[in-house]
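The transmembrane segment feature in TrEMBL is assigned to B:12-40, B:52-71, B:77-97, B:158-178, B:210-229, B:241-263, B:275-296.
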Amino acid sequence: MTDRKIPKSLAGPSRRAFMAGSAAMTASLFAPKALFAQDYPTAQINTTGLAVTDDTVTIGILHSVTGTMAISETGSVQAEKLAIEQINAQGGILGRKIEYIQEDGASDWPTFAEKARKLLVNDKVASVMGCWTSASRKAVLPVFEQNNGMLYYPTFYEGLEESPNVIYTGQEATQQIIAGLNWVNETKGAKSFYLLGSDYIWPRTSNKIARKHIENFMDGCEVVGEDYYPLGHTQFNSVINKIRLKKPDVIYAIVVGGSNVAFYKQLKAAGIDMTKEAPIVLTISVTEDEIRGIGGENMEGAYACMKYFQSLDNDNNIAFVKAFKDMWGEDIVIGDVTQAAYLGPWLWKAAVEKAGSFDIDKVREAQIGVELETAPEGYVKVHENHHLWSKTRVGRAKLDGQYEVVFETADLVEPNPFPEGYQ
Amino acid sequence: MFSDYSMSELGAIFAMQGFAGLILFSVFVLMALGLAIIFGQMGVINMAHGEFMILGAYVTYLTSNLFAAWLPGVFGMYFFVAMILAFIASGALGLFIEWAMIRHLYKRPLDTLLATWGLSLILQQVYRSVFGAREVGVSIPDWMMGSLPVTDMIEVPINGIFVMVLATGISLAVYYMMFRSSWGLQVRAISQNRVMADAVGINTAWTDRLTFGIGCGVAGVAGSAFTMIGSTGPTAGQLYIVDTFLVVVFGGAASLLGTIASAFSISQAQSIMEFFLSGSMAKVLTLLVVVGILMIRPQGLFTLKLRK
Amino acid sequence: MERSSNRLFTTQDILGFAVLAVIIFIVLPMALDSFRLNLFGKYLTYAFVAVGLVLCWGAGGILSLGQGVFFGLGGYCMAMFLKLEASTPKNTAIQSTPGIPDFMDWNQLTALPWWWEPFNSLFFTMIAVVAVPVVFALIIGVAMFRRRVGGVYFAIITQAFAAILTILIIGQQGFTGGVNGITDLRTLHGWDIRTNDAKEVLYFVNAGLLFACLLIAQFVRKSKLGRLLIAMRDQEDRVRFSGYDVASFKIFIFCLGAAFAGIGGAMFTLQVGFMSPTLVGIVPSIEMVIFCAVGGRLSILGAVYGALLVNWAKTSLSESFPELWLLGLGGLFIAVVMVFPNGLAGVYAEHIAPRLSGLFGGKTGAAKSPKETPAE
């Protein structure tokens with residue numbers, strides 16, 4: 001049903017092809033098969049001098065644990081460590097235990113670049129799980145391309161990028177946006193939208209795509225306002241007044257960080273009750289993680305559109321949530337990016353085993369088409385553009401800070417980082 | 001842009017926008033008062049101002065948890081207790097910092113700036129270790145989160161009124177203490193001539209400590225109040241620091257009246273421009289106007305004695 | 001001031017410069033692998049700013065908390081040139097408007113803004129790296145110093161400038177690259193700056209420029225101007241009453257500091273490969289002051305050691321104890337201010353130099369000892 005209004009380029013011609021191939025590959029990847037290190041001599045599986053010994057392989061974790069971004073990146077670090085521990089408990093990769101070197105990007109982009117270089121050049125890590133903001137990814141990208149490293153990047157982001165040295169485990173903008181807009185239009189009859197965001201590349205690009213989609217592909221729908229506020233802005237009364245004046249059906253909000261808290265608290269204080277859906281608030285930037293800071297009572301009734309919610313009801317996710325809480329504490333919450341970060345080590349493991357080698361070039365080649373049936377979000381598959389095929393879901397925030405899933409796309413949505421017709 | 005709306009709608013929107021400007025004004029006053037007291041009277045730049053505010057916010061968070069656990073019946077009232085505790089906590093930390101650090105540096109004002117910056121880094125890390133890197137959600141009593149419908153169109157946020165009342169109350173209290181109490185007299189005497197004040201028997205050391213403590217305490221109350229409108233996390237203090245400094249600098253630093261006047265002009269300018277322009281552009285334009293005026297009048301709107 | 005200060009170099013100065021030259025040109029390149037050497041190259045770019053701060057703050061008593069602005073302006077000028085070179089129509093064929101930087105294309109710009117055009121020329125860029133920060137400093141300096149604004153007040157106004165420029169850069173992302181900064185810089189006139197060889201060459205260029213700046217700074221300090229600055233710092237009115245134009249001296253020294261910072265910024269861009277607003281704002285500006293304070297605010301050589309030491313500590317501490325790093329840095333700030341107001345150079349002058357001069361027969365005794373009280 002969501003395909004109806006998705007332009008051709010997004011629906012994608014290759015879906016049939018991958019459906020056909022998937023069954024055979026799944027069997028070989030996930031059949032329980034003991035891998036012993038002696039079957040894979042180090043000299044053969046590591047021809048480029050990576051940090052692989054006869055019984056260990058070293059990877060890097062590169063996130064901010066200090067500075068303003070520590071708030072967001074902590075969850076990703078936790079998820080990656082959980083995945084590594086689980087993989088090791090299952091016997092590791094090619095019979096080798098994963099060891100990790102954790103570096104602090106300190107919310108500072110030059111530091112990210114410096115640490116990325118250290119991980120690749122000095123430590124010779126076999127892959128890196130890391131980065132969160134677009135700015136940090138842009139800063140490390142040349143380092144990874146020059147030193148031929150492999151980065152697993154967990155955040156939903158603006159697209160417009162397709163590096164051979166990055167696997168994007170979060171959704172790019174079109175995947176996340178279009179299904180949600182169609183849903184709110186079809187089930188809620190929404191016609192007018194007010195676009196709002198923090199002032200940097202991701203919200204701006206996302207709103208650009210949203211605007212193009214609303215104006216060009218949704219009949220009779222219009223954008224009645226578009227506004228951006230600096231990162232860290234804490235006063236939203238003026239824009240709330242503007243919203244009242246325009247009376248949109250939907251407030252499409254991509255506010256991030258500390259501004260988020262201010263925005264939703266002030267929205268509620270101004271008498272806009274999101275449980276009454278007049279207007280509907282639809283966001284793509286508030287995960288369960290952010291609700292902890294905002295407060296469930298201030299977020300109740302808002303809709304979020306992303307690929308994962310902690311409340312997803314499937315066996316993979318129930319096991320994942322339990323393992324996560326066992327490791328990091330009962331009162332922890334898991335957001336979309338945390339789940340995407342959890343996929344990183346697993347996707348890499350699958351690619352290494354498929355390639356039978358840790359060599360970056362071989363892993364890169366093997367990575368395309370890798371499927372993960374054990375993903376908490378459900379089945380995912382790596383597209384040849386290094387992004388993941390994934391479902392998009394809409395959740396409604398509840399008082400307890402969790403989302404109730406109200407919609408999910410019938411099929412996996414194809415990643416399309418350079419969407420034609422949306423530029 | 002207004003042709004589509006009826007007169008009553010426009011009237012209502014402008015009324016609410018005016019109110020939004022007043023809320024912003026109150027927020028600025030709350031943020032800047034503590035800094036202005038310390039800077040204006042002691043010549044000390046407290047770069048850890050934002051962290052003192054966040055201490056107040058964390059105290060509010062702890063108090064709300066305590067009330068929820070032990071006194072759920074009077075949860076609606078916890079906020080007042082929290083503000084008093086925030087004042088005490090931030091004030092006490094202020095007294096300690098003055099004793100341990102600041103008093104050794106009165107002859108080197110530039111160095112207090114560096115030392116308090118170091119302090120702010122340490123406090124941030126302490127908050128992170130104690131409360132975690134994530135923001136904490138402070139639950140606000142229900143009666144403070146709604147809005148009052150004045151007419152069909154006009155709704156006035158209660159927390160906005162609360163912030164305004166608080167800002168007015170604290171400004172009056174500070175005014176009273178500064179200009180009507182003997183402590184205020186001593187503070188002003190010291191800021192005019194420290195040696196002479198000492199000579200006539202004013203306990204300058206204790207007065208300084210108290211001034212610094214009160215400035216920090218006011219910051220704590222501001223932080224406590226801001227849990228209603230903003231976020232509470234280890235680095236949230238930095239969100240406020242730029243605006244705070246601009247308000248104080250623009251006002252002319254040494255003058256409390258100047259601080260209030262500058263908070264008023266910046267908030268109104270920003271609020272009006274935000275309505276007609278994109279939020280980011282409004283912020284930049286406001287800042288540019290402030291800078292432009294500072295270029296012509298670098299000593300700020302109101303100032304007397306900063307010329308060297 | 002000191003008896004021997006009329007000469008450009010005392011024996012001790014020559015010794016100090018020589019030791020630093022040996023460390024930077026010989027010891028570090030020999031001891032470090034290419035990755036670490038590149039890191040030290042990055043630290044040395046901060047030393048440019050720290051040396052400028054010694055002149056402004058240590059000698060002149062003008063504490064600027066906005067040196068990041070000048071560092072950033074120099075860095076952005078260089079980044080604009082490199083970005084234009086990297087954005088050939090061939091490299092950017094995927095964009096809707098090929099030939100303009102990628103971030104402009106993402107922000108629906110369809111043509112290069114006019115003020116980007118001159119940065120197609122390397123010659124213009126090299127002038128701009130120095131000229132843009134200097135013009136900026138000139139405007140700020142004239143506005144402030146002519147009206148006799150100084151001390152703490154000057155410090156927070158410059159800090160406001162750092163905040164404003166950051167917000168401007170972030171807000172105008174179509175023209176500046178926004179939060180991400182200007183990234184993915186590749187070649188300088190066809191020469192790939194990303195290779196290890198290039199980084200090594202850049203390290204030496206950087207070190208050479210730093211020494212040029214150090215010599216200029218030394219010259220200024222030993223000139224009449226330098227002595228007037230110190231006189232102004234301690235008794236501004238007396239200098240003014242003696243008929244000197246105090247404001248002009250201050251403006252000059254502030255502009256010189258800005259020029260150093262601009263060169264540092266440009267070298268940063270070349271060595272790190274991008275420029276972003278995080279290097280312009282309040283935090284880096286204050287950190288640069290701490291480099292200077294740790295080294296010793298009165299010693300230009302100390303500033304270089306300070307920049308190297310603090311950054312090296314930052315890197316190694318945050319590698320082993322990331323959570324403790326902020327505590328360590330904060331403690332360092334406080335310790336330097338409270339216990340060692342003259343920084344490393346002060347420790348050297350008070351505890352090490354006397355013993356050394358004992359060894360050398362006391363010929364140069366106390367010639368360099370900065371027994372002065374710190375600014376203000």
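Here, residue 1 is simply the first one shown, and the rest follow in order.
Glycine residues also receive a Cβ, built from the backbone N, Cα and C atoms like all the rest.
When Cβ-Cβ distances under 8 Å to the transmembrane segment (B:241-263) are tallied for each of B:12-40, B:52-71, B:77-97, B:158-178, B:275-296, the top count falls to B:12-40. Between the transmembrane segment (B:158-178) and the stretches B:12-40, B:52-71, B:77-97, B:210-229, it is B:12-40 that has the most C-beta pairs under 8 angstroms. By the count of Cβ pairs under 8 Å, the stretch nearest in packing to the transmembrane segment (B:12-40) among B:52-71, B:77-97, B:210-229 is B:210-229.
Cβ atoms under 8 Å from those of the transmembrane segment (B:77-97) belong to residues 48, 52-53, 55-57, 59-60, 63-64, 66-67, 71, 116, 119, 140-141, 144, 166, 209-210, 212-221, 223-225 of the same chain, restricted to positions at least 6 beyond its ends.
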